[in-house]
Amino acid sequence: MAETVDDKVSYFQAVTGISDPDLCTEILAAHNWDLQVAVSSITANPSSPTATASASTSLREPAPSAPLADAEFVAPPPPMPPPLQQQQQQQPGIAWKLVTLPFYVVSGGVGLVAGTFRLGAWVAGGVLSRSLSLLGLAGQAGGDHLPPSAAEAADFVAEFEREFGSGRGPRFVAEGFADALQRAQREFKLLFVYLHSPDHPDTPAFCGGCLCAEPVAAFIDENFVAWGGSIRRTEGFKMSNSLNASRFPFCAVVMASTNQRIVLLQQVEGPKSPEEMITILQRVVEEYATSLVAARIEAEERLNNQRLREEQDAAYRAALEADQARERERLEELERREREAAEAERKRKEEEEALARAAQEAAEKEAALARRRQEKAMALGAEPEKGPGITRVLIRFPTGERKERRFHSSATVTSLYDYVDSLDCLKAEKYSLVSNFPRVAYGPEKHSMTLEEAGLHPQASLFIEIEQ
């Protein structure tokens, strides 16, 4: 249990930026060691005493409407002195903020440990399952084949549609943040980020009245790639810390930069009407449309240059291969003529040998059949005269020919097969004698039965069924 408590304290300390372990312990204990509730108490209600204490300790909480200063962040910033905070709150306008979101790999199998939580760091491959089960933030939806970030995104989309109606609101992509950012880059669009705080009192009205408003949703779908995440889940919570989400509802517009970084273009914090949201987003689109067009042109130029190089390389290879092919063809023609002459001679000899073998085999087969017919005829003996113990059997051949013969009723079914084999009417070696009404096949299991026992006395009509 001590290890579990330490893990919770370490993770809570890392993601909130509170450096005092005793304060983290008190906050978690006040929420009955429920990490999700403790985290939500800070992210959903920044004005609460807990959040205030946390901010005063080590977490920088910008004012709800304060713009972000131009800065490049590569690690959690140290506590800012009051004069700098006041200067930051008084600075007008909105500026670029470069948020470093480096990919890193969580090493080891022991779960999340205490250490530096770099601002903007997020896990591209997911967090260890033991840590997720410890935090209670891992969802089961999304299927076993989805990565954790994609599963969380799919869960968010499903929960959003379930709560606010299917087909309403922006078309959030059901994939992780990194994949959504790459999608936006491929489509030369900005990425619209919505961080969902289910416990915040303004969330239902904002989602239903603003995000789900048809003009807002249509504008976002047309100009952005939309990604959403719940701060109750791993990636959504980490993105809220990366983007310094200090007030909810929270939206942001970001775009991909170099070295696995993103540029934070706009933050939208707090409730907004549809008109206000469209005005803000319209301004962002107009401001960065030139950059997107330039990026598209640059990508097309790179693609054209690459295609030109590939075509030139292909032409050179084609010319070289044509020369080599002509030389190979000349050598192959000589070899082909030699092979054809040798092959013709070999085939001639093989055909002569095959004809000789076929003639010999045919003669041997015909001799064997003749001997067989003679042996079967001798085994049958003479045909008996009509009488009370005599069975008359009519046999129809596949060619339509009919043969009739008398047998002693005590003769076996084998004698019928011997009679057929003694005739020169059937070339097949495997066949069965079958009666029509009722249909009875007199196969090997009935060969030893007498004609009377087989139900063929005093007369029977059989036909031959060739076995495949």
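In case you wondered, yes, glycine gets a Cβ from its N, Cα and C as well.
Feature annotation from TrEMBL assigns compositional bias 'Low complexity' to 44-58.
Sequence annotations record features per position, and here TrEMBL assigns region 'Disordered' to 44-91 (among others).
Taken from TrEMBL, the feature compositional bias 'Pro residues' covers 75-84.
Here TrEMBL flags 341-355 as compositional bias 'Basic and acidic residues'.
Annotated region 'Disordered' per TrEMBL: 341-373 (among others), in sequence order. Residues 421-424 of the same chain lie 6 or more positions beyond the ends of the region 'Disordered' (341-373) yet place their CB under 8 Å from a CB of it.
According to TrEMBL, the domain 'UBX' annotation covers 386-464.
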Counts of helix, strand and coil residues, the domain 'UBX' (386-464), according to DSSP: 13 helix, 30 strand, 36 coil
Residues in the compositional bias 'Basic and acidic residues' (341-355) grouped by DSSP into helix, strand and remaining coil: 15 helix, 0 strand, 0 coil
